[in-house]
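These features come from TrEMBL:
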{"type": "REGION", "residues": "442-461", "note": "region 'Disordered'"}
{"type": "TRANSMEM", "residues": "126-148", "note": "transmembrane segment"}
{"type": "TRANSMEM", "residues": "168-186", "note": "transmembrane segment"}
{"type": "TRANSMEM", "residues": "193-214", "note": "transmembrane segment"}
{"type": "TRANSMEM", "residues": "292-317", "note": "transmembrane segment"}
{"type": "TRANSMEM", "residues": "351-370", "note": "transmembrane segment"}
{"type": "TRANSMEM", "residues": "382-405", "note": "transmembrane segment"}
{"type": "TRANSMEM", "residues": "411-429", "note": "transmembrane segment"}
């Protein structure tokens, strides 16, 4: 039988069954006890607590031994741990990095696994959460500003995708089926191969998204002295009069430079899966989503956010599906930031995360309110700023509850009431609630058709 001793940094010690883990060497804080490696841990003094049938007690000068131990090895290990625990000062530091140790006795039949789990420092936690909030605000703010320009664009490549009330009602159902399908895939098939396919897929999407995100900046910094040549990528089907366009994409030298830079980031992500590369792709996806996905009116936005509110709460609190997929899914569909950055630098690996859906879904509603502000022609951005501040409040409340209860939280549980409620209250005070819900955007294609028809009518007259 294999036995495992978990030396948890909070101070709890317990024996339990476990598989043998590979030995880890090179830790200077180890003390030899025969052929058993012990990790020196220094938890703060805590109150004794022992289970009746398994050894589970806090490392404290006053301790209890288990009722029975199965070998002299276990007995020696416990006495060594407890003797060192008596020498621990009351002000000993609590945090330590997670390590896994393995050792066997002379017969090779028993192993000891000592595991010290990392506990983030308050500074590291504050830095991680603050960085996630800041990164979430960037694509919402700039994506909303770019959505105003995008809605007026006549370029087919920049035309937004309009979400109708019917699309909004079906979206939570489609999202639920997709989420549960991914969950089953991870349960049935090898996680390694699924993530390999997803990595290649998101590599292509990420390069294109990051290239599109960088293009306005590149237009400003591109040297005037360099020639900016125009190119066209055209795929057609058929010939003669029955020819049909499949792809017709126009680009220039600036776009090619953006594509090359994005490809470098893509290769970095594909080979290393580094968290910075993940965040660059994640921010690009979020910004493009807020910019190119347009709600046609406020009622549609309320339907979409209300449906996803129920979706998020059910899949996080009702099942373990959402958390399992989020942890198993190795793709840039979430923003991450290490809580141990101060200790390990850029090689840190203990991450706090925020899903892109918690950015894009409220973001497209906030972008709609900005376009509503523009349509009022009052030279103010009241509804945009009120919803933007509401998002900050909702996200901050999510982090506070998650940190307090130590449990994953459905962010839309807090974001949806805040992002919808704040602007509605503002509209009530200003007497513009009816005008807000009557505001409707026409898809760019339909708007172009109406303009063409009105122009032809004027010519006929």
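Cβ coordinates are placed from backbone N, Cα and C, and glycine is handled just like the others.
Automated prediction, rather than curation, is the source of TrEMBL annotations.
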Segment proximity, the transmembrane segment (411-429) to the transmembrane segment (126-148), 3 or more C-beta pairs under 8 Å: no
Non-local residues, at least 6 beyond the ends, that sit with Cβ under 8 Å of the transmembrane segment (193-214): 185-186, 255, 258-259, 261-263, 265-266, 269-270, 273, 280-281, 283-285, 287-288, 328-333
Outside the transmembrane segment (168-186), six or more residues from its ends: residues with CB under 8 Å to it: 194, 295, 300-301, 303-304, 307-308, 310-311, 315, 321-322, 324-325, 328-329
